[in-house]
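Enquirer: Pasting the relevant annotations from Swiss-Prot:
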type: BINDING; residues: C42, C79, C113; note: [4Fe-4S] cluster 1 binding site
type: BINDING; residues: C187, C191, C194; note: [4Fe-4S] cluster 2 binding site
type: DOMAIN; residues: 33-150; note: domain 'MTTase N-terminal'
type: DOMAIN; residues: 173-407; note: domain 'Radical SAM core'
type: DOMAIN; residues: 408-471; note: domain 'TRAM'
type: REGION; residues: 1-24; note: region 'Disordered'
Amino acid sequence: MTGTPDVFPPATPGGAPLVALPAGPRKPDQVKGKLYIKTHGCQMNEYDSAKMADVLAASDGLELTDTPEDADVILVNTCSIREKAQEKVFSQLGVWKGLKNKGREVIIGVGGCVASQEGEAIIKRAPFVDLVFGPQTLHRLPELIRARREQKRPQVDISFPEIEKFDRLPEPRAEGASAFVSIMEGCSKYCSFCVVPYTRGTEVSRPFEDVVVEVAQLAAQGVREINLLGQNVNAYRGPYGDGEFADLGLLIRTIAEIDGVGRIRFTTSHPLEFSDSLIDAFRDVPQLANFLHLPVQAGSDRVLSAMKRGYTALEFKSKIRKLRAVRPDISISSDFIVGFPGETDADFEKTMKLIEDIGFDHSFSFIYSRRPGTPAADLEDTISDAEKHARLSRLQERINAHAAGISEKMVGTVQTVLVEGPSRKNPNELTGKTENMRSVNFPAPARLIGQFVDVVITEALTNSLRARVVAE
């Protein structure tokens with residue numbers, strides 16, 4: 001690799017859309033090849049990876065492969081939430097470097113939040129990398145690849161062209177009965193531990209009509225479950241009508257009216273934005289799944305203040321109480337950070353009490369990971385690693401016990417399952433998910449794949465349920 005990287009500026013001042021990429025047949029001079037994508041991190045990254053594949057299929061005719069050795073273009077979509085995830089990326093890049101040493105003309109690109117955070121530093125650390133692009137510039141991949149091949153030097157584009165990404169994506173392609181739809185990007189909360197505002201930018205909502213059109217297109221292709229995505233999804237304020245804005249509650253109500261949409265989910269939420277309008281949607285919209293992921297992070301007001309979360313434990317419990325008034329049996333999952341700088345034994349016990357009071361069904365819980373550039377990175381950390389691991393173990397054991405109890409109570413009940421496909425453990429059975437995100441395996445004919453089916457839960461296992469189809 002020769003030359004210094006080209007750094008792409010925003011497309012136009014303010015991020016105005018460029019000419020849309022073609023979504024139709026490949027041009028005669030386009031080279032058909034193979035594309036491999038490795039995805040780390042959250043559901044938003046999974047969505048972005050799918051869009052990378054869509055863009056490169058439309059522009060260059062690239063087809064996905066499960067084997068990097070067969071690929072002409074290799075992309076890694078990165079996550080910078082935790083240090084270990086970041087280091088895994090460079091370890092993986094080192095493996096792929098060997099493919100270039102074999103004389104193949106392979107394009108290797110790094111996208112996602114690590115790319116946004118590190119930029120040209122990635123090229124300096126791994127000079128064999130050809131492309132570095134941020135979450136907001138994945139739509140420019142065809143241009144970046146073309147420029148790399150023509151100019152013979154690496155290309156870097158980690159700009160924040162606001163909503164331009166969505167204006168230039170091909171029409172969505174359904175991959176099964178469930179689909180992700182991104183409705184907003186970025187976060188403006190600036191929690192003291194979090195890198196998201198720095199890697200994905202501040203909150204920008206997609207226009208209301210654009211989201212509704214995408215959902216309708218997916219439903220017409222057989223999608224039955226819509227997962228609305230955003231770093232702070234319930235802060236959605238989509239331009240709507242003449243100078244007005246639609247919130248998440250209105251968006252959910254509108255999507256529920258689209259023919260074919262049988263279940264709606266959304267993630268990830270922030271407690272500050274969990275509004276009465278959204279609670280009313282849980283009351284009024286039966287398609288809205290009986291499940292909520294609402295990250296609380298801690299149960300101590302002192303720690304929540306240090307995290308700059310903007311609410312107290314009592315305020316969090318008040319919102320859950322109002323929600324359960326309209327959905328008494330709703331399952332609640334959350335995120336927890338254990339060992340945040342300055343967290344005392346008393347602080348941790350308050351987190352454990354909150355877990356007991358709420359009865360969380362599931363959690364994504366981690367030991368605090370210092371992220372350079374965030375305010376919390378400057379806080380003194382006096383908690384031993386042994387204590388952090390002990391606290392995490394206690395927390396996870398408590399939540400797992402709650403989850404097991406909920407699963408046991410489901411035995412004998414009728415649950416509606418969206419059938420995803422054959423079971424991985426037994427191809428003669430089907431598998432699907434309940435509203436509260438339980439995987440269910442049951443004997444049934446393959447013609448039910450992609451449909452909602454009522455089943456009776458017959459057994460609760462550690463990580464799944466067993467069931468039988470309700471006789472028609």
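Heads up, the Cβ atoms here are built off N, Cα and C, so glycines get one too.
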Enquirer: If you draw a 10 Å sphere around the Cβ of C42 ([4Fe-4S] cluster 1 binding site), how many other Cβ atoms fall inside it, taking every protein chain shown into account?
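Expert: The answer is 19.
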Enquirer: In Å, rounded, how far does the Cα of C191 ([4Fe-4S] cluster 2 binding site) sit from the Cα of C79 ([4Fe-4S] cluster 1 binding site)?
Expert: 17
Enquirer: What Cα-Cα separation, expressed in whole Å, is found between C187 ([4Fe-4S] cluster 2 binding site) and C79 ([4Fe-4S] cluster 1 binding site)?
Expert: 15
Enquirer: Cβ within 8 angstroms of the Cβ centroid of C187, C191, C194: which residues besides those meet this for the [4Fe-4S] cluster 2 site?
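Expert: For the [4Fe-4S] cluster 2 site, the extra neighbours are K189, Y190, F193, V195, V196, P197, Q231, N232.
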Enquirer: Express the distance between the Cα positions of C194 ([4Fe-4S] cluster 2 binding site) and C113 ([4Fe-4S] cluster 1 binding site) as a whole number of Å.
Expert: 12
Enquirer: Across all chains shown, how many C-beta atoms besides its own are within 10 angstroms of the C-beta of C79 ([4Fe-4S] cluster 1 binding site)?
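Expert: Other Cβ atoms within 10 Å of C79 ([4Fe-4S] cluster 1 binding site): 20.
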Enquirer: Of all the binding-site residues here, C113, C191, C194, which one's CB has the most other CB atoms within 10 A?
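Expert: Result of the Cβ crowding comparison: C113.
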Enquirer: Just to be sure I understand, if DSSP states are collapsed into helix, strand and coil, how many residues of the domain 'MTTase N-terminal' (33-150) fall in each?
Expert: 69 helix, 22 strand, 27 coil
Enquirer: Could you tell me the mean pLDDT the prediction assigns to the domain 'MTTase N-terminal' (33-150)?
Expert: 89
